[in-house]
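Peer 1: Annotations per TrEMBL:
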COILED    185-219  coiled coil
DOMAIN    223-387  domain 'Hflx-type G'
BINDING   229-236, 255-259, 277-280, 346-349, 365-367  GTP binding site
BINDING   236, 257  Mg(2+) binding site
């Protein structure tokens, strides 16, 4: 009860949320023309298209205008040079009913934010703020909501410095809160630190609970496949196709999946497998935003296999692949998981006669079922290698307990009954520990390796 109340307090309305009302947004993209900050794998137009897709994901948010302005260094105070900044300010002021500007950079400092909002007269959001708001709107479980609250802490901290300097100016240097010997900044920082600690503790409890569930799943020896990929690449649609789970409703929007969800399916040999649907990735997704969701992504380290889904029709598919691989490398996953990864080129129904350039990639249309059988066979092959499971044929006496034992402890693929002598030839997939138990229990059983 006490825990629940404390949790509810942590998950109250966010002071950073832009509010439920409609937003009419001007998307402003600083186009870096040359130098180390220019990305070779993309164009300003494609980056703007992704920014627009982010805005479109939010209910009641619409894009009024898209403005691309060149800059040499997007990290300076006003982001743009003096002349370009003036042109941009005039453009924004002329936009009818504009309520916000989305500046398409990873993160702006609180000082830059204050200056830009002063010049443009409307709130200014960066990618961190917009993505965080999408996360906030999509968070369904307590764990996802806590992870969003944790990701808000750095923003609250930088807003605080701004607020403190304003108060200092207004009060003419009287910095202490009456009688406490603590400045406003110190008090608020302490409150934030306490909040962060409470959130981390609550997440730790949920993490322990998740570990317990994982142990139970391990006992059942269900192999686990993590399905990962860039946001909106078709992960949920693929899982729906692989499992035939009608209740799964894929949504065509960025970050539709924020929590990890598990779905049971069967491989060609009738081996049960659990597919795990994970959060999507985004280029320039701020590092501490990924950090906040490490509790969710941690589950991936315990998989037997990773399936990387790519939207092969997307103009930035190469950059998207690089983004996903970079995030996976930063998760410190076991090397065998990265080496055995299956790459799926999805949405091939939209490209005529598509053939993957990569040798190990599989062409699939999750929507139309093309290439699914081949994918299932590949997953099965890799799962058998990863889990050390074996495919065997055993001869058994039908009067004995072997058959019911095998049904309980292994995956029975087929049973061929020999009526003339009351025996059966049983093809099974069996884990190494279960195989050891079988040999101890039935030492005289005939076993043939497949």
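Placed from the backbone N, Cα and C atoms, the Cβ positions cover glycine too.
Given the structure is predicted, the values throughout are model-derived calculations rather than measurements.
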Peer 1: Rounded to the nearest angstrom, how far is the Cα of residue 236 (Mg(2+) binding site) from the Cα of residue 229 (GTP binding site)?
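Peer 2: Cα-Cα, rounded: 10 Å.
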Peer 1: Suppose we draw a 10 Å sphere around the Cβ of residue 229 (GTP binding site). How many other Cβ atoms does it contain, all chains included?
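Peer 2: Summing over all protein chains shown, residue 229 (GTP binding site) has 25 other Cβ atoms within 10 Å.
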Peer 1: Could you measure between residue 365 (GTP binding site) and residue 236 (Mg(2+) binding site) for me? Cα positions, answer in whole angstrom.
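Peer 2: Cα-Cα distance, residue 365 (GTP binding site) to residue 236 (Mg(2+) binding site): 13 Å.
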Peer 1: What Cα-Cα separation, expressed in whole Å, is found between residue 279 (GTP binding site) and residue 236 (Mg(2+) binding site)?
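Peer 2: Residue 236 (Mg(2+) binding site) has its Cα 10 Å from the Cα of residue 279 (GTP binding site).
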Peer 1: Using DSSP and collapsing to three states, where does residue 365 (GTP binding site) fall: helix, strand or coil?
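Peer 2: Note: residue 365 (GTP binding site) is in a strand by DSSP.
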Peer 1: Using DSSP, would you call residue 229 (GTP binding site) helix, strand or coil?
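Peer 2: In the DSSP reduction, residue 229 (GTP binding site) maps to strand.
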Peer 1: Provide the number of Cβ atoms within 10 Å of the Cβ of residue 279 (GTP binding site), excluding the reference atom itself.
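Peer 2: Step by step: centre on the Cβ of residue 279 (GTP binding site), count other Cβ atoms within 10 Å, giving 24.
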Peer 1: Among the binding-site residues 235, 347, point out the residue whose Cβ has the most other Cβ atoms within 10 Å, with all shown protein chains included in the count.
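Peer 2: Output for this query is 235.
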